[in-house]
Amino acid sequence: MTLKTIEGTFIAPKGRYALVVGRFNSFVVESLVSGAVDALVRHGVSESDITIIRAPGAFEIPLVAQKVAQQGAYDAIIALGAVIRGGTPHFEYVAGECTKGLAQVSMEFGVPVAFGVLTVDSIEQAIERSGTKAGNKGAEAALSALEMVSLLAQLEAK
């Protein structure tokens with residue numbers, strides 16, 4: 001018996017991508033944005049099909065993503081931001097609510113929401129994950145969005 005496998009590809013179908021970006025910790029976040037845009041363009045997405053929407057911080061990203069998803073104008077949303085642990089419980093609240101909110105948007109609207117929000121213990125970890133030795137999590141989120149758009153298109157065609 002041959003098992004059938006359905007999986008997404010990184011070939012960019014015609015589609016529009018919204019990058020919802022938290023401005024807080026911008027010294028890290030801008031590297032994530034550059035990585036995401038570069039990955040999308042390298043995989044065939046036209047720059048005219050990429051929109052960057054800036055929110056104040058990670059906590060606000062889910063609401064902005066929800067409004068974007070409601071519009072129905074984008075095939076995927078790529079959430080980018082950075083939450084760096086400090087000396088108070090603030091980190092847990094912001095990171096947790098951002099994560100839950102983005103998952104809820106994806107499930108409620110059926111739009112892929114790729115998670116590129118860094119939740120790290122230190123500035124050093126944030127820098128490592130935004131383009132140095134740990135790669136660029138913005139680029140990884142963009143690839144995840146491409147793959148999900150492709151996968152969902154295949155599932156909807158069945």
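Placement of Cβ uses the backbone N, Cα and C atoms for every residue, glycine included.
When PHE10, PHE24 are compared with the 5-amino-6-(D-ribitylamino)uracil site residues ALA58, PHE59, GLU60, ALA82, VAL83, ILE84, PHE115 in Swiss-Prot, the one appearing in that site is PHE24.
Rounded to the nearest whole angstrom, the C-alpha distance between PHE59 (5-amino-6-(D-ribitylamino)uracil binding site) and GLY87 ((2S)-2-hydroxy-3-oxobutyl phosphate binding site) is 18. Local packing around the recorded positions HIS90, ARG129 was summarised as the count of other Cβ atoms within 10 Å of each Cβ; on this measure the leading residue is ARG129. ILE84 (5-amino-6-(D-ribitylamino)uracil binding site): 19 other CB atoms within 10 A of its CB, across all protein chains.
Sequence-distant contacts of ALA58 (5-amino-6-(D-ribitylamino)uracil binding site), defined by Cβ-Cβ distance under 8 angstroms and a gap of at least six in the same chain, are GLY22, PHE24, GLY81, ALA82, VAL83, VAL94, ALA95, CYS98, VAL117. The Cβ of PHE115 (5-amino-6-(D-ribitylamino)uracil binding site) lies under 8 Å from the Cβ of ALA79, THR99, LEU102, ALA141, SER144, each of which sits 6+ residues away along the same chain.
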